[in-house]
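Peer 1: Sending over a structure as structure tokens; questions will come in a sec.
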């Protein structure tokens with residue numbers, strides 16, 4: 001039996017004196033871990049490689065090669081996964097945009113078709129309100145029969161609802177932008193009386209709604225439960241600001257040099273007036289909280305649009321009034337920027353159906369507090385406005401114009417359309433100004449009055465300052481948002497229903513004189 005020492009070393013050890021062999025060893029040493037190629041790991045104590053060490057050397061070489069191949073596979077896979085993630089993200093964005101267009105388009109189309117049908121049938125009831133009732137009824141029936149179908153329908157329209165929620169204040173702006181035209185023929189004394197009714201009426205309505213809610217809660221003693229979570233729209237980005245800025249500059253210069261490039265002056269001015277309004281909202285939304293308490297984003301919108309109108313009127317030598325007339329033409333065949341924005345007001349009313357459906361459990365549980373407060377505060381707002389207007393000697397047509405001061409713009413305009421000889425521009429302006437007063441002062445007043453219950457705070461805010469007050473309070477007190485949303489919708493709904501009754505309209509006119 002041969003011993004280890006008798007085995008020729010030339011069978012295992014390379015010839016280190018040969019330059020070719022030496023270069024091969026160096027090359028192999030770069031591809032294999034040093035611990036495997038070192039002499040200690042290859043040779044036994046007497047300088048001869050053992051069978052075990054030689055086998056380990058071969059296995060280690062194979063493992064090293066496998067590691068290289070596996071690392072290459074990982075790199076290739078990660079590169080493939082990155083590209084797949086990018087393509088998936090892009091496809092999701094495209095799908096999301098299409099989803100928004102389809103869902104929002106259906107709501108707008110429904111609003112337009114209902115409006116045309118009601119005009120053709122000479123029905124004075126608000127068409128958007130009828131659409132809201134229809135959707136809410138369908139959702140409730142589906143929820144009873146096929147709950148998944150109701151949830152699927154709500155989820156389908158969720159992008160449209162978030163869009164409306166994100167841009168809601170913009171839909172109120174046109175009435176403030178054209179306020180100089182609305183109040184141009186109103187005497188200063190009448191304007192002061194309207195301001196008195198506006199501020200005093202807001203405070204009185206807030207107190208009535210809040211104290212009613214507290215009193216009813218003490219009687220029914222219903223415990224609070226968690227509300228359904230409310231989705232929040234995405235914040236504004238710097239890209240949106242730059243995009244709208246470029247649109248404004250390009251369209252402003254284009255309209256200045258080619259006043260009728262798009263057929264009419266209203267259509268030509270539409271892009272820069274719309275972009276100036278949107279820019280004002282974006283900038284106003286980004287202001288510090290301390291500034292927004294005094295300078296609400298909706299005021300920033302109106303100021304921005306008016307400054308753009310003043311600049312264009314000065315440079316084009318046309319004056320301010322014609323530009324403001326092009327901003328809100330109230331003509332479907334020749335719309336302005338304000339007409340586009342106010343065209344979404346009907347969709348706001350229709351979206352109430354989804355808000356109410358989401359909070360149906362909350363409405364059912366706190367029905368006594370919510371409905372009692374909304375009914376009493378709405379009746380108080382309508383009849384107290386009519387009475388105070390007569391007591392302080394405000395002109396009857398102006399008093400009727402401001403009757404729905406605590407009801408959201410879309411339904412307030414529908415309500416005053418039931419009366420004759422009203423100033424609808426004044427109606428919209430007073431409603432928005434009431435909301436601004438509430439947005440700026442509602443939290444302080446609620447604290448002073450000792451309204452600590454989220455239900456009372458939410459109902460009192462929405463019943464007196466509708467959407468703008470709701471947005472201001474819910475931004476700081478999310479727990480009050482569901483009650484704000486419910487009262488905000490129900491106040492407008494009940495106000496429209498009650499004013500649709502001829503006997504109620506006649507009684508209001510009798511008080512106004």
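Yeah, the Cβs are placed from backbone N, Cα and C, and that goes for glycine too.
Automatic, uncurated: that is what TrEMBL annotation is.
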Peer 1: I'm validating the feature mapping. Which of 149-170, 237-258, 303-324 is tagged transmembrane segment in TrEMBL?
Peer 2: 237-258
Peer 1: Same-chain Cβ contacts of the transmembrane segment (426-446) under 8 Å, 6 or more residues past its ends?
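Peer 2: For the transmembrane segment (426-446), the list is 172-176, 179, 182-183, 186, 194, 198-199, 201-203, 206, 210, 293-294, 296, 298-299, 398, 401-402, 404-409, 412-413, 416, 457, 460-461, 464-469, 471-473, 476-477.
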Peer 1: Quickly jot the same-chain residues contacting the transmembrane segment (336-357) by Cβ under 8 Å, restricted to those at least six beyond its ends, or write none.
Peer 2: 104, 107-108, 110-112, 114-115, 126-129, 131-136, 139-140, 143, 150, 154, 157, 160-161, 164, 167-168, 170-171, 173-175, 177-178, 266-267, 269-271, 273-274, 277, 305, 326-330, 363, 408-411, 413, 467, 485-486, 489, 492-493
Peer 1: Per the 3+ Cβ pairs under 8 Å rule, pairs at least 6 apart in sequence, do the transmembrane segment (188-216) and the transmembrane segment (369-392) touch?
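Peer 2: Contact confirmed: at least 3 Cβ pairs fall under 8 Å.
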Peer 1: Restricting to CB pairs under 8 Å, which listed stretch, 122-142, 237-258, 369-392, 480-504, is in contact most with the transmembrane segment (264-283)?
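Peer 2: Comparing 122-142, 237-258, 369-392, 480-504: 237-258 has the most Cβ pairs near the transmembrane segment (264-283).
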Peer 1: Hey, which bits of the same chain come close to the transmembrane segment (122-142), Cβ under 8 Å, at least six residues off its ends?
Peer 2: 110-111, 114-115, 149-150, 153-154, 345-347, 349-350, 352-354, 356-357, 360, 410-411, 414-415, 417-418, 492-493, 496, 500
